Amino acid sequence: MLILSQLLMALITYPCLLRSAATRNLSDEERLLINLFKDYNPSARPVIDSANTVTVDIQFSLMHIKDLDVRSQVFTTTGLLIVEWIDERLVWNSTKFNNASDMIVEADRLWRPEFAVINGAEKLYEDYKAFRASISSIGQVHWEPGGVFKTMCEIDITYYPFDEQVCALVFGAWSYHTSKMNLTTSTSVVNLDSYKTNGEWEIFTTSAVRNEFNYECCPNEKFSNVEFKVYLRRRHTFYVLNVILPSIMTSVLLLSVFFCTPNQKVQIGVVVLLSFRIFLLNVAGNIPKTSDHIPLLGIYLTVTMAITTLSMVLTVFVLNLHYISDRPVPSWAKTLIIDYMGRCMCMSSYKKDKRRSTVNGITLEKIGERIARHTMEEEGFIKDSEEDFSADWKRMAEVFDRLFFWFFLTAILITTLILFHPLTKACMKLNCATTKT
Ligand SMILES: *[C@@H]1O[C@H](CO)[C@@H](O)[C@H](O)[C@H]1NC(C)=O
Ligand SMILES: *[C@@H]1O[C@H](CO)[C@@H](O)[C@H](O)[C@H]1NC(C)=O
Ligand SMILES: *[C@@H]1O[C@H](CO)[C@@H](O)[C@H](O)[C@H]1NC(C)=O
Ligand SMILES: *[C@@H]1O[C@H](CO)[C@@H](O)[C@H](O)[C@H]1NC(C)=O
């Protein structure tokens, strides 16, 4: 009985339900969609007269630079393409649809312009279907597909870390030639409205250029693409603090080797060499590993290392001079090196007699006057003649030390200036850029 009555109720109410569903008024957007897409074929170009050209305006909005890989020369960015075109089939009278003048639709319902990342490093085509498009009653379509773009970028690291790079993103059509689909851009810059700054690279200018060209296959058909260039400058504070200043300081420390006593020479020399080695190990990780362009910084470090090694060898030479005592300095060396070169380098004049007398004075003070004076004089005489030789050799070592100091100071200054030359150039450019903006 119960089942029967339920069945009866269902039979009575069912047509009512059916009728109310059928009579539900469609929303304005539903009516509009049915109207617009009744006979719409997304493969056909959006022109009613097929002789017409579809003009597609394309802009690039850079959001973030993820990476610029120096070794693989890949520029990775996140960005949006702002694409606009007119679809002549998507025009409606907005007063008929409750003043609905625009609408958002899935992009795969529409005809979409074809463009590929021409200089892409991995994928040429991206799947942009998930991005919806906005259409307006005059047939204008606004579409902002985006993603991560990996493009090839030729990198020149000669002036690393004061280098500037130009990386481009080229968007173009493979299949449509210009008479069917004309790819253009209405701006001359990359849109940086939603750009998040990168820690390593600073954008100093951008450009957007439309190119038209022929492929060899089809000389009669023109193709167009749009090239978005980003001009990057490396932020070099990190490298100046961590690479360049320490290497200059180590070079300066090296100079102190020429101003210390023979015993300290070896200690300081070893400390300088070791610290240089540790420092080089640290730096090697920061320098781009490529052989296409050798960075000036790498050359600088190699030259400084060579200077250090040479200075160590010369220090050994000076040490050897210092400890000679068994033979006299050749007279030509005495006049040329001790007298002439010593005076050239403004070293205080060399007084042999004074030094000997003070040595004698100290020995005389220390030792009792009356005890074996005669023998002491004899011994003193022998020592005097030995000291005479070694004093000359020591003087010669000092002159060489001073000579090498000036030599290495000049070498370090020249190499440092050569390295820093591009820095001054970069600074001047930076000033120009800031005054312009
Ligand atoms: C459907 O639209 C008609 C007029 O167009 C209106 O009279 C009717 O009330 C509407 N029905 C509903 C359920 O809104
Ligand atoms: C739009 O529709 C309204 C009402 O149907 C009509 O009066 C008007 O002329 C139409 N406008 C155009 C541009 O066709
Ligand atoms: C549509 O816009 C016109 C003028 O802008 C206005 O007069 C009319 O009332 C609007 N219609 C609706 C349904 O909002
Ligand atoms: C394409 O657009 C460019 C500039 O926007 C224009 O100079 C060129 O004539 C157009 N080409 C065609 C075939 O419409």
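Backbone N, Cα and C define each Cβ position, glycine as well.
Note: TrEMBL annotation is automatic and uncurated.
According to TrEMBL, the feature domain 'Neurotransmitter-gated ion-channel ligand-binding' maps to 29-235. Per-residue confidence over the domain 'Neurotransmitter-gated ion-channel ligand-binding' (29-235) averages 92 (mean pLDDT, predicted model).
Here TrEMBL flags 243-358 as domain 'Neurotransmitter-gated ion-channel transmembrane'.
According to TrEMBL, the signal peptide annotation covers 1-23.
Marked as transmembrane segment by TrEMBL: 238-259 (among others).
Positions annotated as transmembrane segment by TrEMBL: 266-285 (among others). Listed as Cβ neighbours of the transmembrane segment (266-285) (distance under 8 Å, sequence separation of 6 or more from its ends, same chain) are residues 243, 246-247, 250, 253-254, 256-257, 260, 301, 304-305, 308-309, 311-312, 315, 319.
The transmembrane segment annotation in TrEMBL covers 297-319 (among others).
Annotated transmembrane segment per TrEMBL: 403-423 (among others), in sequence order. Residues of the same chain lying 6 or more positions beyond the ends of the transmembrane segment (403-423) and with a Cβ under 8 Å from any Cβ of it are 159, 162, 236, 244, 248, 251-252, 254-255, 258-259, 296-297, 300, 303-304, 307, 311, 314-315, 318, 341, 345.
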